[in-house]
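The feature S-adenosyl-L-methionine binding site is assigned by Swiss-Prot to 78, 83, 129, 130, 144, with sequence analysis given as support.
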């Protein structure tokens with residue numbers, strides 16, 4: 001279920017992003033993409049079905065936030081098809097990743113990825129964010145194509161450390177979502193993401209409690 005142009009697209013994209021990965025890491029990324037492409041036909045894991053753009057819109061897009069992933073243990077909420085969690089876990093195996101999703105089909109896919117790709121640094125949890133009870137709160141929580149910012153902080157705020165931050169991946173800058181953030185939350189910074197081969201705007205919003213740096 002792979003596409004002949006994927007290896008070249010990945011190499012070129014990584015070079016454009018100044019990311020140096022081993023051959024085995026690149027093979028893992030492509031194996032993950034093949035799994036996603038295969039399972040997507042039955043499980044509807046992602047809206048991206050054009051094999052020509054999967055490397056850029058799924059792998060490279062996920063890796064575009066890597067410079068902002070500073071925690072040793074990242075929670076990826078609404079993990080769905082494993083984006084950005086699985087690509088990040090492949091690229092930084094020294095960090096731990098917890099992937100949370102309430103859809104049983106999606107978590108079955110994620111568990112299969114962990115098994116087939118040998119990702120010892122990934123844990124998959126089937127459940128809702130509101131019901132999740134981690135041993136300790138997370139300092140960073142990522143979100144991609146999950147929900148509006150208002151819902152993100154409402155549903156997942158209890159999982160975030162007081163001084164933690166959300167890494168919210170968006171397309172166009174979501175002015176309406178930012179305006180609707182509940183009191184006590186703010187966008188600390190916004191970063192325009194450059195994803196080789198992908199059309200359209202991409203933004204990363206760093207969202208945190210307003211009192212974080214007081």
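One-based numbering along the chain as shown.
The backbone N, Cα and C atoms fix where each Cβ goes, glycine too.
Note that the coordinates shown come from a computational prediction; the quantities given were computed from them, not determined experimentally.
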Residue 130 (S-adenosyl-L-methionine binding site), number of other Cβ atoms within 10 Å:
11
For residue 83 (S-adenosyl-L-methionine binding site), nearby residues of its own chain (Cβ under 8 Å, 6 or more apart in sequence):
46, 58, 61, 62, 144, 145
Give me the non-local Cβ neighbours of residue 78 (S-adenosyl-L-methionine binding site): same chain, 6+ apart in sequence, Cβ-Cβ under 8 Å, ordered along the sequence.
100, 101, 143, 144, 145, 146, 147
In sequence order, what residues of the same chain, 6+ apart, have a Cβ less than 8 Å from the Cβ of residue 129 (S-adenosyl-L-methionine binding site)?
77, 100, 102, 155, 156, 159
